[in-house]
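Novice: Here it is: the structure, laid out below.
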Amino acid sequence: MKASMYLALAGLVLLFVVGYASESEEKEFPRELLSKIFAVDDFKGEERGCKGFGDSCTPGKNECCPNYACSCKHKWCKVYLGK
């Protein structure tokens, strides 16, 4: 009984120490996250010359990116697995 109480107490102390140590790193996390989100947003404005997975397409026009093919049945780009 005493051993399990000491083990639980040691676990709580370890959890507190790890949480306190990572707290300083977490203060910078929101700024880094926002900068990454806005950096990704800049790339959304650029259009590709081809259509990716799930984009609508017209069969026979070769609009899909490499390794994708336009499905005649569903009319969207899907992964081309060969014949």
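These residue numbers are counts, starting from 1, taken along the chain as shown.
Cβ atoms are placed via backbone N, Cα and C, with glycine included.
Swiss-Prot lists CYS50-CYS65, CYS57-CYS70, CYS64-CYS77 with the feature disulfide bond, giving similarity to another entry as the kind of evidence. The leucine amide annotation in Swiss-Prot covers LEU81. Annotation comment: Swiss-Prot describes 1-21 as signal peptide.
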Novice: State the residues, same chain only, that lie 6 or more residues beyond the ends of the signal peptide (1-21) and have a CB under 8 A from a CB inside it; answer 'none' if no residue qualifies.
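Specialist: For the signal peptide (1-21), the far contacts come to none.
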Novice: Determine the minimum-neighbour residue: among CYS64, CYS65, listed as disulfide-bonded residues, which Cβ has the fewest other Cβ atoms within 10 angstroms?
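Specialist: Result for the disulfide-bonded residues CYS64, CYS65: minimum number of other Cβ atoms within 10 Å at CYS65.
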Novice: Which ones in the same chain are close to CYS57 (disulfide bond), with CB under 8 Å and 6+ residues apart in sequence?
Specialist: LYS51, GLU63, CYS64, CYS70, LYS75, TRP76, CYS77
Novice: Could you tell me the C-alpha distance between CYS50 (disulfide bond) and LEU81 (leucine amide) in angstrom, no decimals?
Specialist: 18
Novice: Per 10 Å Cβ neighbour count, which of the disulfide-bonded residues CYS50, CYS77 ranks highest?
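Specialist: Max Cβ neighbours within 10 Å, all protein chains included: CYS77.
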Novice: Between the Cα atoms of CYS65 (disulfide bond) and the residue listed as 'leucine amide', what distance do you get, rounded to the nearest Å?
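Specialist: One finds 14 Å between the Cα atoms of these residues.
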Novice: In the structure shown, which of the recorded positions CYS70, LEU81 has the fewest Cβ neighbours within 10 Å?
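Specialist: Counting other Cβ atoms within 10 Å of each of the recorded positions CYS70, LEU81 gives the minimum at LEU81.
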